[in-house]
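Contents: one structure, followed by commentary.
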Amino acid sequence: MGCNSSSLNKLQVPEVRASRSNTPASQKSSDQSYSHIRLLLLGSAESGKTTVLEQVRLLYKQHFTESEYFHRRAFIYHNIFKCIKSLCRAMKMSDIGFADPINMGRSQSIIADEENHYGIFSKELAEKIKCIWADKSMQSLYARRSQFNLNDSAAYFLNNLDKINTLDYKPSDRDLIMAYVPTCGVQNVIFTASNQSFQLFDIGGQKIDRRKWATQYEGIDAIFFCLAISEYDQKMNEDMVTNRLDDALKLLETISEEPMFATTPIYLFLNEIDVFCEKLDVIPLSNYRKDFPGGDQDDALDFMENLAVAALGKRDKSLYRVYRCIAIDTQMMAELLSTVFKDIMKRKR
């Protein structure tokens, strides 16, 4: 599969029913049967795990509560401020100056602002953000965004600031998919497709959260593992030393070698193929992977898939599937998830 997400046929998602469950997997006894096909969603932080969970909820009619909308709305404001602050810092470090000199002062005030901003922006702050984002030099810097860490949804939310920064703003389905909301604790959703009930567990992917993973291992029928291949040049936020791709591959290796998952199928989602392909022209893969022999985008994608498969070790080929995807692309994920769920049900027969 190449880098383009177009050309996918419209998918007919089956009629479904859904509900939420807050019961941790660890509360089930080992001899108790489960009424759902149980799925565990794993991956490092910012790999796209939660986006996959949100796609499942939206595609399979798992409606959000008002409190969940409120929670996500708060993080959307937080995302916007973090993005503009990251851009201002990148501008300060770059060889580009603002086209409008007044924006230099605005940028400095954004950088100096230590508030987390989980709510609607003041009129003054919103105007600063809009002016900085509209600056021609800032747009030139944004075109070079692959050279620094920036949330993939930055342009989406900054371009929609007028709509978002209102008292009656309620996130749309697209907003929910584009927002980055870190997973806290164990989240799970129960949904029904084609008369089969599934339960999908999502656990935080930061190092401090991974100790909780083992509490969810019992009775799992399949694993979804998200790996953001675009992170080949980035460092982990926890230590700013460890390469994110190396960490994710090591994590995948650990999961594959876990004795409790010896016969559990792993569905590997190689996420952010669009960002990956965009980066290649600016940040050569060979700068970070000396074992990459070179080639075009398809060669680079094949190389990344081979790295992931190698991390699975001696796992039998029948016990894993690899998919290249863009987790924020709802149509692509609808087709992918439909294929995956059918494969899981086939294994259970």
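Cβ atoms are placed via backbone N, Cα and C, with glycine included.
As written in Swiss-Prot, here are the features:
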LIPID     Gly2  N-myristoyl glycine
DOMAIN    35-349  domain 'G-alpha'
BINDING   43-50, 177-183, 202-206, 271-274, Ala327  GTP binding site
REGION    175-183  region 'G2 motif'
BINDING   Thr183  Mg(2+) binding site
REGION    267-274  region 'G4 motif'
Ile177 (GTP binding site): secondary structure state under DSSP, collapsed to three categories: helix
Local backbone state of Ser47 (GTP binding site), from DSSP in three classes: coil
Listed binding-site residues (Ile177, Val181, Ile203, Ala327), ranked by Cβ neighbours within 10 Å, top entry: Ala327
Surrounding residues of the region 'G2 motif' (175-183) on its own chain - C-beta under 8 Å, 6+ positions past either end: 45-46, 49-51, 54-55, 58, 64, 71-72, 75-76, 79, 151, 153, 156-157, 160, 164, 202-206, 209, 328, 330
Rounded distance in angstrom between the Cα atoms of Ile203 (GTP binding site) and the residue listed as 'Mg(2+) binding site': 6
Inter-residue C-alpha distance, Ser47 (GTP binding site) and Thr183 (Mg(2+) binding site) (nearest angstrom): 12
All-chain count of other Cβ atoms within 10 Å of Thr183 (Mg(2+) binding site): 17
Asn271 (GTP binding site) to Thr183 (Mg(2+) binding site) - Cα separation in whole Å: 18
Pairwise CA distance, Thr183 (Mg(2+) binding site) versus Ile177 (GTP binding site), rounded so that it is a whole Å: 14
For Ser47 (GTP binding site), the number of other Cβ atoms found within 10 Å of its own Cβ: 25
